[in-house]
Amino acid sequence: MRLSDSARSLLELDKILDLFASRCRSDLGLLALLRLEPASEGSRLRARHELFRDYLRFRDRFGELPWSDDLRTVTELLVEAKTSSHLTGEELLRIRTLLSVASRIRLRLSEEKEDFPFLWRFSRKIREFDEELKALSVIADDGKLYDSASPKLSKIRKSLEQVRNRLRRDGQKLLNDPSIQSMLQDRLLSLRNGRFVVLVKQEHVGVFPGIVVDRSVSGNTLYMEPNGLVPLNNSLALLLQEEREEEHRLFREITEAMLRREGALADAEAALAWCDLAYGAGEMMDRRRWTLPEVTDKALFDLRKVVHPLLGEKAVAIDIQCGRRFRQLVVTGPNTGGKTVALKTVGVALSLAWYGLPVPAAEGTVVGEIGAILIDIGDEQSIEQNLSTFSAHMRNIISILGEAEETSLVLLDELGAGTDPQEGAALGISILEELLERRSLVLATTHHNPIKRFALTAGGVETASVEFDPFTLSPTYRLLMGIPGRSNALLIASRLGLPPGVVERAKAALSEEGSAMDELIGRLQAKQSYLDRLEAEMTREKEATDRLGKTLEEELACLEQRREGLIEEADRKAASILDDAERTARSLLKELQGAAASAAHRQMTSHKRGVDGLRDEAERRSLLRKKRLAGPPGERPLAVGDEVAVAGSAIKGAVAEIRGKKAVVQAGSLRVDVPLEQLRLTARKEAAPVETVKINVSRPQGVPSSVMVRGMTVDEALPILERYLDQAYRAGYSEVTLIHGRGTGVLRQVVQDLCKETPYVEEYRLGGPGEGGYGVTVVRFRRK
């Protein structure tokens, strides 16, 4: 997109970009803004937006990218280094900080390159700087070189330390010499011009054995180098000179190493500058509720709840669009009503979008292919107070007509103003027609009725107005699409106190056509205002209804959760009761040993059947509740106990076990391993109450219809089962129940093996729902 310097100035973009700069963390963000230009084409714009969206997603998931408050620009240092001997330690530290942060960012993004591909590609602009960071590592945080920067520097500094220690020792001996103590101003060893000296009183300068190096401000004290310290001070001076030369050599080498990577350093700085700008833009989005618009390849825009960012809290959001149903939008209304602000707001929003930055608008905002923004704004209400003449308008419009094409956005303020109204209106219509033929996007403001009529009747042109409150005589700054506006000059003049006679003569001077149109526009505006208020009221009611519905849903969910909690608590209590009952049953079982037909045995059998019935009922209730929570069949995984059919066969049965991707299906006495994907849920039979499954038949000689061996060992259970089957068959039962429990399945297998070997057993099966399930085996005898 092309954006001239004059357009930037008229839109006051520098002031708006300053808002972004104020949110950045360093001068790098400002540097990025100064270098920022609109994207040259739609593909580049989309790439900028995708990169920024990647940054926002990364920030929301992991927090900010690595950063340092000490980051500053370094490119000007490299320029200066070409003309100076070398950079200082402090200046090289700035480069080290930048390279360190850049390397950390590259490393961090390389860890997330699969999830953030745009950020990863961006980070590859940052090269490897291992060698440079190693060279810079010899500099301490105060900008001085470490002793280990080179073997020579280390040797020099060790020698310096030795000489300084000797100077301190010899100097202290001198200070303690009684023959000169009266000459000393103070018994201190000081340092002047790199040489160790003592403080001598003025009157003893000719007597003290030494050389004057300096004098105090008062003149009463002289800094003198004792003759005995001169050789050591000379050695110190020579070593300091060698140290400086070695430090300069090292700094020069490091500087040259940085200059060899000048291009890579500039790229790293540019990458960090973008990161700082992205941080500032993200802050603008968070604090001001700005958004990143959608991008389309068509020449249009659709701005939702857009505001002018320089107007602050007093800004009124507007919805404005152009390019879908029409190519031109003519905005009318009174002076100071916000027409020019609307034009500038559109220009600002589209400029920011093409810079790749968020815009002061709501979600759903769409920005299309805009090749250039061409502006003619002679703005009496502008911040800069730029007044323009008709000639200036024409020069601007001539320039615009020389550039305008289909993807151009043309902003024309007060079209046809500054000259005779009839000629101005005719010129304005002609200009709009020319731009309509070129299919340029146009936003124009005007007061001329002929231009309003043109906008109402011409194809591809829409009209809008800025709302004016006739009771308060002030604009509301709302934009009414599809409704032309009135200037309201006579109404404003009357309310402000202009004599009624003057107003009436002015009304009479208006043409009948103009007066009728003005009255029609007034009625349309009143109707539109009523409809807008009605829509706003309906929106508020809908929001209130939605909030109420959400509250009710939350309360219902809370009640359902409490209900399930109560049921689970009841089940836990039932389980506790069942455990107590089992302990009682085991106690009775001990009394049963060796007396299967005794009263204890009958009491135990009855008790255990009741316990098993209660347990089956509890499990049934739990299963039903889980099924209700999980949803209808077909929407949940298979579970043990589900009634199923095997696809492609006539086999039906119950799921006895689930082993990974296969299930064991019990179909009568047949057990089949079937892959889960071949099983289909069928309707389950409703479990009858436990009490209804008891088989009440006569029991000759006290033989019961069932026997319970649950909890016994195989050796204990087998003789009881053999004796019971023989007695039940001879007693005339056609069907009996063997209660072995679920457990590990060992007793169940013993029962089934016994049934296979027993000649008068016709068939056997596991218990069904309401019969005890897998805890029992139902045996049918052959007919005698």
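Placed from the backbone N, Cα and C atoms, the Cβ positions cover glycine too.
TrEMBL entries are annotated by machine, without manual review.
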Of 598-617, 618-637, the range TrEMBL labels region 'Disordered': 598-617
Site with most surrounding Cβ atoms, counting all protein chains shown within 10 Å, from the binding-site residues Pro334, Gly338: Gly338
Least Cβ-crowded entry, counting other Cβ within 10 Å, from the binding-site residues listed as Gly333, Lys339, Thr340: Thr340
DSSP three-state assignment for Pro334 (ATP binding site): coil
The domain 'Smr' (709-782), counted residue by residue under DSSP: helix, strand, coil: 32 helix, 17 strand, 25 coil
Cβ-Cβ neighbours of Asn335 (ATP binding site) (radius 10 Å): 15
Mean predicted confidence [pLDDT] for the coiled coil (517-598): 67
